[in-house]
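The next block holds one structure in the form of structure tokens; read it before the comments.
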Amino acid sequence: GLFSYERNTLRRCCEEAPDCECSVETMEDSSPVLLPSATEGPAPEMPERAPRTPYWHRLSTYVWLLLGYPPLAVVHSLVCFISWILVFTIPVSKMSAQTLSVILLLPPEDILLSTSSHGKHQSYETRALLCCYHAANWYYYKYTVDGINVFAVNLLPLVIVALIIGYVDRENQYVSSEVKFATAISSIIPLSYYIGMGIASIAAQSNFAVGAVVNATFGSITELTFYITALLRGHWAANPCLQEVVKAALTGTLLGCILFIPGISMIIGGLKHSEQRFNSRSAGVSSALLFISVGGVFAPTLFSKAYGNLVCDACTNTTGGNSTSNGSGLFVCHNCHYDLKNGTLFRDHIQPLVYTVSALLPAAYIIGLIFTLKTHSHIYNIHVGEGQETRHHGTVVHWSRWRSLLILIVATVLMSACADLTTEHIQPILNQPNISQYFIGVTVLAMVPEIPEIVNGIQFALQNNISLSLEVGSCIAVQVCMLQIPILVFFNAFCDVGFVLLFSDQHMWASIFSVILVNYIFMDGKSDYFQGTALVVVYLILLALYYFAPSPAGC
């Protein structure tokens, strides 16, 4: 940084570097600074300097700018870029930028490199242009640019790269579909972060009603954009596999937010704080919403299992006969499924039940918002602002409303483009012979957009705020069931893309078991790393089930 006078250099350096152990009295020979001589003139006892040609009137200056400065500019720019991307070496990036923009453009006779701010240069008043302390620091993962985390800033160019290679190279002549898929799905991470921060900023400056509407409108836009794009592309291509992938992604988001986010937060928070306490009453409200959510979402599936007819494509008995033989014996049947389309069960019974549930779940979500944010907000320990949804982000960026709205709109448009590229190039990933499509849906497609929320949950746990960590996961899980799935149902009602709210047995029982387990964990109002380990191990077991599961029908 820039400092006014030499006598204050070390003191101000130490103030700017809180982790640097130094003092003005004891660090005279260990804190290198780059010092220019003052232009005001020498001290009275020094002889007067001879007149000299101004720096920008010399031929040597332009020779330096043409021959010496360019290669150093390339080197410092490269060092600055790499150090910034690595995040933990941001001090080196700042030093290189300062060197490139200031130091290398000063007259060389005015620059002195010294290891002491006192001593032989005491006759001149000087100012420090560079103060060198720690070159790297672990805590730079918290560094922000205009309130935006540095990782989100660094990942933003990835969005541009994904759009360029995705829409320019449509024939995959230069970049393969696998690379395009990985780039597009990764670009969703910073966009979901910007959407979340925009929501938090608007909600912080608005009343309860506006904050709730903005949260409900944009809170699920990341996932909904991908789901609707995938359903449309699957419908146009007559590919029923994408519908199963969407259902797997919905279930994967639900499982990850119920098990993994609270589990990993409990582990990391428990290792630092041994035992953490949270508000069991607020956790009970979340658990009740989860029970309502899962019960409503899987009610049509249970109904179809109870009243549907099981139909199989081919059956053979153990004696080698076919399904038309009258002999007795055990039969082996293949490709069995519940026949819903060919009868009146689906049209007259299951479909009305689906629409009824899809209308009741958003109503229950609105009542839950009113209860937790308005009428009974006192049961929560965390209050960021009046009427603000505190589940999304603990650090609120106070952008203006118009700026936040603009960021939300731009991020939503870019999200739609990236989701379109993801679904366009997902087929080579789904065609992998050794990986089940279920597994791809519940891991990559479900959890990559939730990475910012995972980081937030871990950060809250490290700050001994495990209550907010648990609320992060519960809020997303509730939104999946009470907002995202009903929206997909009504979208399918207006634009038939083949989405039917009937899940496989594995999705249903995994979700129900997870909700019961989490409710049991939340009962005592305490958390430690053992409880977190239990949740994460159960999550990994369920992932193993999906990994070894056969491919769904139509894939």
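The backbone N, Cα and C atoms fix where each Cβ goes, glycine too.
Keep in mind it's a predicted model, so treat the numbers as computed, not measured.
The following features are taken from TrEMBL:
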TRANSMEM  62-88  transmembrane segment
TRANSMEM  148-167  transmembrane segment
TRANSMEM  179-196  transmembrane segment
DOMAIN    181-297  domain 'Sodium/calcium exchanger membrane region'
TRANSMEM  208-228  transmembrane segment
TRANSMEM  248-271  transmembrane segment
TRANSMEM  283-303  transmembrane segment
TRANSMEM  353-373  transmembrane segment
DOMAIN    404-546  domain 'Sodium/calcium exchanger membrane region'
TRANSMEM  405-423  transmembrane segment
TRANSMEM  435-456  transmembrane segment
TRANSMEM  468-494  transmembrane segment
TRANSMEM  506-522  transmembrane segment
TRANSMEM  529-549  transmembrane segment
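Below 8 A, the CB atoms of the transmembrane segment (468-494) and the transmembrane segment (248-271) form 3+ pairs separated by six or more positions in the chain.
Secondary structure counts, DSSP: the domain 'Sodium/calcium exchanger membrane region' (404-546) has 118 helix, 2 strand, 23 coil. Using a cut-off of 8 Å between Cβ atoms, the transmembrane segment (248-271) and the transmembrane segment (405-423) share fewer than three residue pairs, counting only pairs 6 or more apart in sequence.
Nonlocal intrachain contacts for the transmembrane segment (529-549), taken as residues 6+ away from its ends with a CB within less than 8 angstroms of a stretch CB, comprise 248, 255-256, 259-260, 262-271, 435-436, 438-439, 442-443, 506, 510, 514, 517-518, 521. Scored on C-beta pairs under 8 angstroms, the neighbour of the transmembrane segment (405-423) with the top count among 62-88, 148-167, 283-303, 506-522 is 148-167. Tertiary neighbourhood of the transmembrane segment (62-88): same-chain residues 96-97, 99-100, 104-105, 136-138, 140-141, 143, 150-151, 154, selected by CB-CB distance under 8 Å and a gap of 6+ residues from either end. Applying DSSP to the domain 'Sodium/calcium exchanger membrane region' (181-297) sorts its residues as follows: 102 helix, 2 strand, 13 coil. Within its own chain, the transmembrane segment (283-303) is flanked in space by residues 254, 258, 349-350, 353-354, 357, 360-361, 364-365, 368, 371-372, 379, 467, 470-471, 474-475, 477-478, 480-482, 485, 501-503, 508, 511-512, 515, 518-519, 522, 525, which lie at least six positions past its ends and keep a Cβ under 8 Å from the stretch.
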